[in-house]
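**Student:** The transmembrane segment annotation in TrEMBL covers 99-116, 128-153, 173-192, 361-377, 383-405, 417-441, 453-474, 486-507, 540-560.
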Amino acid sequence: MESLALHCSFTTTTTTPFSLNPGISLHFCSKPISRSSPPSIFPPSSSFPALRSPLNSLLFSPLPKRRNPLLFLTRATSQNDKDPPPQTTPPPPPQGAKLLPFLISISIGLIVRFLIPIPVEVTLQAWQLFAIFLSTITGLVLSPLPVGAWAFLGLTTSIVTGTLPFTTAFGAFTNEVIWLIVISFFFARGFVKTGLGDRIATYFVQWLGKSTLGLSYGLTLSEALIAPAMPSTTARAGGVFVPIIKSLSLSAGSRPGDPSSRKLGSYLVQSQFQASTNSSALFLTASAQNLLCLKLAEELGIIILNPWVSWFKAASLPAFVSLLLTPLILYKFYPPEIKDTPDAPAMAAKKLKQMGPVTKNEWIMVGTMLLAVTLWVCGDTLGIPSVVAAMIGLSMLLLLGVLDWDDCLSEKSAWDTLAWFAVLVGMASQLTNLGIVSWMSGCVAKSLQSLSLNWPVAFVILQASYFLIHYLFASQTGHVGALYSAFLAMHLAAGVPGVLAAMALAYNTNLFGSITHYSSGQAAVYYGAGYIELPDVFKMGFVMAIVNAIVWGGVGTLWWKFLGIY
């Protein structure tokens, strides 16, 4: 899931100076004290970059200097008793819902429920649920409350109004795909905790990092390798790649929030950010929303056999082409000032030496993920569902001590995802069962037929609309829960082959994750690193959206025709 929530874990750290050459001295955080390793030239994998926010100055400001008690007493006694004492306590943060977003979100549902006539094809129950669903989606966009809290209010409303019975409203909490997504967060934590993801990326820096372009390709390929076994783009960004990029950039004199950022850091962050969407699209288990898409497609009757292999085969050619083009295109349109990085391989080699040999926990993590991926690939043949394979893997990590239960409990994003994903999936499923989705798709189909459009043209229009609407969303998974089923039904009504429509929409869901600084969880992490300016995020996001549309729309459709998908 790549919602805007970040996977943060705070640990006690120490500071170790490291000098790359005479006249340059940098200070980096060492590994957490819970892990016994020598000081690293890279920041710890579990340290996430601080997002740009007015709160940063409050959260990370140094402690005030202790005042001289005698001086303090002198000032206190000389102060006029009528003067009010200085304000030292910051005002409490606002509590409860934000009033304007709350009123707008509620108004949308009330207008639909009471002011818009109910279509004759739709029952009162279905229309009422549709109104609640629209209020819930509007709240996810405007955020009157945190996502999980607002989703819970929508669920409560559906029960209180008698729209859904309790068991039906909570039925999606037992959904296998949602639990697979939750377990994927725990796998990602294991990669960060053991340092395995950091080690793999550092190897690629050592092998390909002599030039800035090679360094970018090394980071891009390492993410593609990690992606199927670390199923969270946000965790990969914050736990592995942003710390490495910041370390390399600082060593080259490229600092965040400074004109020097364009020396190296801006290009590396922008390249990795844009490439991450294709890494997420390459494997079914590379991102949470992929699994959710196939589950929603299944509810509309579109069954994809051997989904892990089918997904990879269909995505492989367009994703690899885009992964190879992205660093090169950005090298031309968003060039770094430093073209060569001869010190990067030596830095990486020193980092690997300091890390020492592969630890027992890293080997366990490798073996567990190889087992999980094998079961995901061969699950249909062996009769083992994907979620059961993930449960087996997590159980091994718990039994062997790579993860403990506190690690799972502290993964707040996983439990938050369980709550609001289940609400959205449950509502979307009931809208399908009650006929709202078929009614909407029928209306769109009639409009398309009136324009005498054949299905390829309708396919392009619907895919482009699905992509552009994401400028209004701050979550890929929220977008899927709100619109995937409806758009898939529209594709089917327009005559688009079912498997083609389902998989193209799912791939599209990954590709729009880098169009803005709020479009996904990894977007917030990469933008928060401080190396890219907001206009550049939108500009390069649009440029790469065009590139991805050409590659996936041209190379992808020809490849899918060759595979017999349509």
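Cβ from N, Cα, C; glycine included.
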**Student:** When you look at the transmembrane segment (417-441) alongside the transmembrane segment (383-405), do they share 3+ Cβ pairs under 8 Å, ignoring any pair fewer than 6 residues apart in sequence?
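**Tutor:** Touching, no - the transmembrane segment (383-405) and the transmembrane segment (417-441) miss the threshold of 3 or more Cβ pairs under 8 Å.
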**Student:** At a C-beta cut-off of under 8 Å, are there same-chain residues at least 6 beyond the transmembrane segment (486-507) that contact it? List them, or none.
**Tutor:** 281, 289-290, 293-294, 296-297, 300-302, 304, 311, 314-315, 318, 432, 437-438, 440-442, 444-445, 448, 453-455, 458-459, 462-463, 465-466, 552, 556, 560, 565-566
**Student:** Test of understanding: applying the rule of at least three C-beta pairs under 8 Å (pairs 6 or more apart in sequence), is the transmembrane segment (99-116) touching the transmembrane segment (417-441)?
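**Tutor:** No; fewer than 3 Cβ pairs under 8 Å.
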**Student:** Which residues of the chain, 6 or more past the ends of the transmembrane segment (128-153), have a CB below 8 A from one of its CBs?
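**Tutor:** For the transmembrane segment (128-153), the far contacts come to 3, 5, 97-99, 101-102, 104-106, 108-110, 112-113, 122, 161, 163-164, 416, 419-420, 423-424, 427-428, 430-431, 434, 436, 472-475, 478, 482.
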